[in-house]
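Engineer: As listed in Swiss-Prot for this protein:
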MOD_RES   5  phosphoserine
TRANSMEM  24-44  transmembrane segment
DISULFID  54-193  disulfide bond
TRANSMEM  77-97  transmembrane segment
TRANSMEM  157-177  transmembrane segment
DISULFID  188-199  disulfide bond
TRANSMEM  209-229  transmembrane segment
REGION    245-383  region 'Interaction with NOV'
MOD_RES   248  phosphotyrosine
MOD_RES   256  phosphoserine
MOD_RES   258  phosphoserine
MOD_RES   263  phosphoserine
REGION    265-383  region 'Interaction with UBQLN4'
MOD_RES   276  phosphothreonine
MOD_RES   307  phosphoserine
MOD_RES   315  phosphoserine
COMPBIAS  318-333  compositional bias 'Polar residues'
REGION    318-383  region 'Disordered'
MOD_RES   327  phosphothreonine
COMPBIAS  339-352  compositional bias 'Basic and acidic residues'
MOD_RES   345  phosphoserine
MOD_RES   366  phosphoserine
MOD_RES   374  phosphoserine
């Protein structure tokens, strides 16, 4: 019999990417089929044709009777069976190698993107995210481990189905050709035999024992395939019931505005207010409102330049409104809410109309505020 080492090395690589049932199936294939076929079975069928004798001297009669009784040798039939049931497993191994090759390409591309981000400062987060999604799709985990999911899982299930089909097909073919037992005497009536002759088989009982043993091994392999198929199927159903979702498809809703970032009636945001808050009454022409970064999620970090510009605009507005003799609306008279200052609002009497309060600024005043601070206004409150 030929050398089985090449096939054995290929099938041995499948062990790392198979389930427990698949590993048991491979062990049965190696020990009870390949090893037994290469040692005991081959020696039992070594004299198969030479020891086949018929009670006639007609030349060629023994050959045609042997061909009629055994269209294919049992040993060669079992070799074909082993090859056919191993092909689906080898195809699954080819898919695993394809995934590993994809992993190498994705890792190389990921390293290149990281180098570009470090040298040029480019934003490659989206590209890295796409690479992670592809790795998850192919079933690639950290440290080069391949997990059975997606297309790889489907290939594994298909390989189990084909192995089961081949097992059943070869069992039926064997039963149809010569059954599962051998007789000591075979009757043959075929040209060029002059009449019906009797032919005798060498060691029929020993060969029958090996046939039954190989039959049991085939049935065990078929049972392992069916058990593994149900195991993979129910495990997939169990994972779906548990609600294991894709980590790269998490549901994220819109961020809700912070509750302690000021009242929604103000038209400024203080760096963190919700952009959907209702606006205050329209500001006078030329009123430039400088806001902080809306994307900042913390209410403690403010843009210093924006705060100074807001105070300058507020002082200029008070100066302009004081010269015109009009009062400032309540929406602009409110002091800006800075959480770091922790300013408490003042309570007014119910009979007095709400008027703008004078604000004591601890910071340096701008030019506009310094000119307007010395001018009295008729709507100032006495404190």
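Residue positions begin at 1 at the first shown residue.
Keep in mind that glycine also has a Cβ here, set from the backbone N, Cα and C atoms.
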Engineer: Any idea what the Cα distance is from residue 188 (disulfide bond) over to residue 5 (phosphoserine), rounded to a whole Å?
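Structural biologist: Between the Cα atoms of residue 188 (disulfide bond) and residue 5 (phosphoserine), the distance comes to 40 Å.
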Engineer: Considering Cα atoms only, can you say which of 5, 54, 193, 315 is the nearest neighbour of residue 199 (disulfide bond) among these recorded positions?
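Structural biologist: Answer for the nearest of the recorded positions: 54.
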Engineer: Looking at the stretches 24-44, 157-177, 209-229, which one shares the most CB pairs under 8 Å with the transmembrane segment (77-97)?
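Structural biologist: Going through each listed stretch, the top one turns out to be 157-177.
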Engineer: State the mean pLDDT for the region 'Interaction with NOV' (245-383).
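Structural biologist: Mean pLDDT across the region 'Interaction with NOV' (245-383) comes out at 49.
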Engineer: Given residue 193 (disulfide bond) and residue 315 (phosphoserine), what distance in Å do their CA atoms have, once rounded to a whole number?
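Structural biologist: Residue 193 (disulfide bond) to residue 315 (phosphoserine), Cα-Cα distance: 126 Å.
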Engineer: Roughly how many Å lie between the Cα atoms of residue 54 (disulfide bond) and residue 5 (phosphoserine), rounded to a whole value?
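Structural biologist: Per the Cα atoms, residue 54 (disulfide bond) and residue 5 (phosphoserine) stand 39 Å apart.
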Engineer: Which one of the modified residues (5, 315) has its C-beta surrounded by the most other C-beta atoms within 10 angstroms?
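Structural biologist: Selected residue: 315.
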Engineer: Rounded to an integer, what is the Cα-Cα distance in Å between residue 315 (phosphoserine) and residue 5 (phosphoserine)?
Structural biologist: 91
